[in-house]
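Q: So TrEMBL lists the following for this protein:
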ACT_SITE  His176  active site, proton donor
ACT_SITE  Glu307  active site, proton acceptor
BINDING   Asn81, Arg82, His176, Ser177, Tyr178, Asp243  beta-D-galactose binding site
Amino acid sequence: MVSVTRAVFGDLPLGAGTVEKFQLQSDLLRVDIISWGCTITALEVKDRQGRASDVVLGFAELEGYLQKQPYFGAVVGRVANRIAKGTFTLDGKEYKLAINNGPNSLHGGVRGFDKVLWTPQVLSNGVQFSRVSPDGEEGYPGELKVWVTYTLDGGELMVNYRAQSNQTTPVNLTNHSYFNLAGQGSPNIYDHEVTIEADAFLPVDETLIPTGEVVPVQGTAFDMRKPVELGKHLQEFHINGFDHNFCLKGSNEKHFCARVHHAGSGRVLEVYTTQPGVQFYTGNFLDGTLTGKSGAVYRKHSGFCLETQNWPDAVNQPHFPPVLLRPGEEYEHTTWFKFSVA
């Protein structure tokens, strides 16, 4: 059984609307999601002793989400991840997007899908959010209708994304939750054991845009097909952290993507998806300037993201999986976050 309750989370400044919070609860999970950016603000999971902890980074109040912050828990779009130099060409026409991440456009631009109020509809086991992204929003062509649906089933949170456009446009939607399976506010994720089911990854340039090569993980720091303990792994390979796309099975069927195990608590997160890629990000840019729930200070490597997605900059890299949505077609992808204890 899943219960869904609805409450006011806060009011936007200047009378711009009321943000609501939807709490989804099963016997194993409790998830809070707000209508601002379809953002997951809390996710409580029991450990092997049966003690529940909140395992996502974020804020207790709306003000936290309205400040400059790194997409905690939000749905990002119209195009997640980076587009080189914020530009692409479609049917001979050049489109220019907002540059908001070095020389590139990141996560939909200055006011992406994470920074808008969505329209909610309560379901028996979850909540569906919808919005219309107008033609030209953040520089993207076409009016895009979008639906994001969160449903809960026992220990599994399912996120389904659908979109339809009246003009050809790139679309790539994901959720940007930062997890710490020891409980949010724990100092780092070094004791997490990570497995990523990927035979290849995308190397990036100094601005984090893929170079275009698709490189086998074999013999590199990116080979996590067998579990690696994150802290030791980063030390062993002398790397600052991950912020890379891992190339998954090229099918639109549900496939295993990643598993993270925290031995101390016994908590396990498994991710399944229909997407061709996942951005594994280890919170390298968190720097201790943000204070979250219960006074937690979010320092470097205090959370990780598994952003299921199309490959970054696919709109400029013809050999990457197709990212264009055409009129009359439907974009649809699903990601499953499955929690358990081991």
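Placed from the backbone N, Cα and C atoms, the Cβ positions cover glycine too.
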Q: For Glu307 (active site, proton acceptor), what residues in its own chain, 6 or more apart in sequence, show a Cβ-Cβ distance under 8 Å?
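A: The list for Glu307 (active site, proton acceptor) reads Val76, Ala80, Asn81, Thr174, Asn175, His176, Val278, Gln279, Tyr281, given in order along the sequence.
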Q: Among all protein chains shown, how many Cβ atoms are found within 10 Å of the Cβ of the residue listed as 'active site, proton donor', not counting that one?
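A: Around the Cβ of the residue listed as 'active site, proton donor', 21 other Cβ atoms lie within 10 Å.
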Q: Can you tell me how many other Cβ atoms are located within 10 Å of the Cβ belonging to Tyr178 (beta-D-galactose binding site)?
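A: For Tyr178 (beta-D-galactose binding site), the 10 Å Cβ neighbour count is 26.
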